[in-house]
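Features of the protein shown, as given by TrEMBL:
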type: ACT_SITE; residues: Glu111; note: active site, proton acceptor
type: BINDING; residues: Thr33, Gly34, Ser35, Thr36, Asp89, Gly90, Ala91, Asp92, Lys102, Gly103, Ala104, Gly105, Lys129; note: substrate binding site
Amino acid sequence: MTAHTSEQDNWKKAAGEAAAQLVQDGMLIGLGTGSTANYFIQALGLRLQAGLQIAGAVPSSNASHDLAAQVGIPLTTLDAHPELDLYIDGADEIDPELRLLKGAGGALVREKIVASSAQRFIVIADPSKQVSHLGQNFPVPVEVTPFGVSPVLKHLQALGASAQIRVKNGSTFISDNSNLIVDCRFPQGISDPSSLDARIHQIVGVVETGLFIHMASQVIIGGPNGLQYLP
Ligand SMILES: O=C(CO)[C@H](O)[C@H](O)COP(=O)(O)O
């Protein structure tokens with residue numbers, strides 16, 4: 001589905017605001033990263049101003065940390081609170097089995113750690129994120145330690161990927177963990193995301209992938225006809 005940016009932003013905002021309504025007093029929350037997660041963070045800030053009291057929130061990136069601090073969300077860490085009640089984040093692609101491709105913003109490692117520490121992971125998105133197959137619109141991002149990135153590129157190519165070290169605004173992109181992101185496109189398609197994820201993880205030097213397999217508890221899509229909850 002194509003939509004004007006402002007329309008798409010309204011849908012992201014609606015999904016983010018709906019997710020903020022799911023936060024209850026005393027909860028420990030994980031904060032995602034990206035434009036849709038930003039709408040959630042802002043809506044959560046407003047709910048806190050209106051009297052909601054949470055036990056704390058763990059951001060999945062430095063950017064989300066800064067926005068959350070700005071809107072008055074009490075921040076904590078996974079070291080202080082290793083188990084969270086709820087994680088809310090966006091995604092780049094969502095397939096019919098609610099498998100996700102994430103990491104266009106480069107925060108995939110912390111996002112996956114925070115998501116896996118939460119009892120429930122709710123994804124917020126607009127309809128453009130729904131795909132029939134992962135890899136349709138976005139490359140699979142793979143976070144890699146800078147030392148020995150060339151052998152990792154060769155191993156990724158052997159898996160059928162066209163693999164490129166991410167560059168942003170003319171410079172090599174460095175993640176919040178001081179690593180590189182290698183964007184992998186699979187021209188032959190991704191028939192089994194779970195097996196691809198497992199094979200990429202076998203490569204020494206790989207920190208994490210942007211494939212989030214069977215991690216999402218629910219997806220909230222904001223769209224032209226209001227909100228859609230999956231399942
Ligand atoms: O995975 C992510 C960042 O690493 C984001 O969740 C994903 O890129 C979606 O971003 P947006 O909400 O801006 O479309």
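All positions are counted from 1 along the displayed chain.
For all residues, glycine too, the Cβ spot is worked out from N, Cα and C.
Structure coloured by features recorded in TrEMBL.
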residue	record	Cβ within 10 Å
Thr33	substrate binding site	29
Ser35	substrate binding site	14
Asp89	substrate binding site	30
Ala91	substrate binding site	27
Lys102	substrate binding site	29
Ala104	substrate binding site	21
Glu111	active site, proton acceptor	32
Lys129	substrate binding site	23
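With respect to their backbone Cα atoms, Thr33 (substrate binding site) and Glu111 (active site, proton acceptor) stand 8 Å from each other. Close to the recorded substrate site, the chain also has Gly32, Ala37, Glu111: residues not among Thr33, Gly34, Ser35, Thr36, Asp89, Gly90, Ala91, Asp92, Lys102, Gly103, Ala104, Gly105, Lys129 whose Cβ is within 8 Å of the site's Cβ mean position. The binding residues for substrate are recorded as Thr33, Gly34, Ser35, Thr36, Asp89, Gly90, Ala91, Asp92, Lys102, Gly103, Ala104, Gly105, Lys129; their greatest pairwise CA distance is 15 Å. Across the fold, the C-alpha of Lys102 (substrate binding site) and the C-alpha of the residue listed as 'active site, proton acceptor' stand 9 Å from each other.
Proximity to ligand 1 at the level of Cβ atoms, with a cut-off under 6 angstroms, picks out Thr33, Lys102 from the binding-site residues Thr33, Lys102, Lys129. When the alpha carbons of Ala91 (substrate binding site) and Glu111 (active site, proton acceptor) are compared, the span between them is 10 angstrom.
Looking only at Cα atoms, Glu111 (active site, proton acceptor) sits nearest to Ala104 among the binding-site residues Ser35, Ala104, Lys129.
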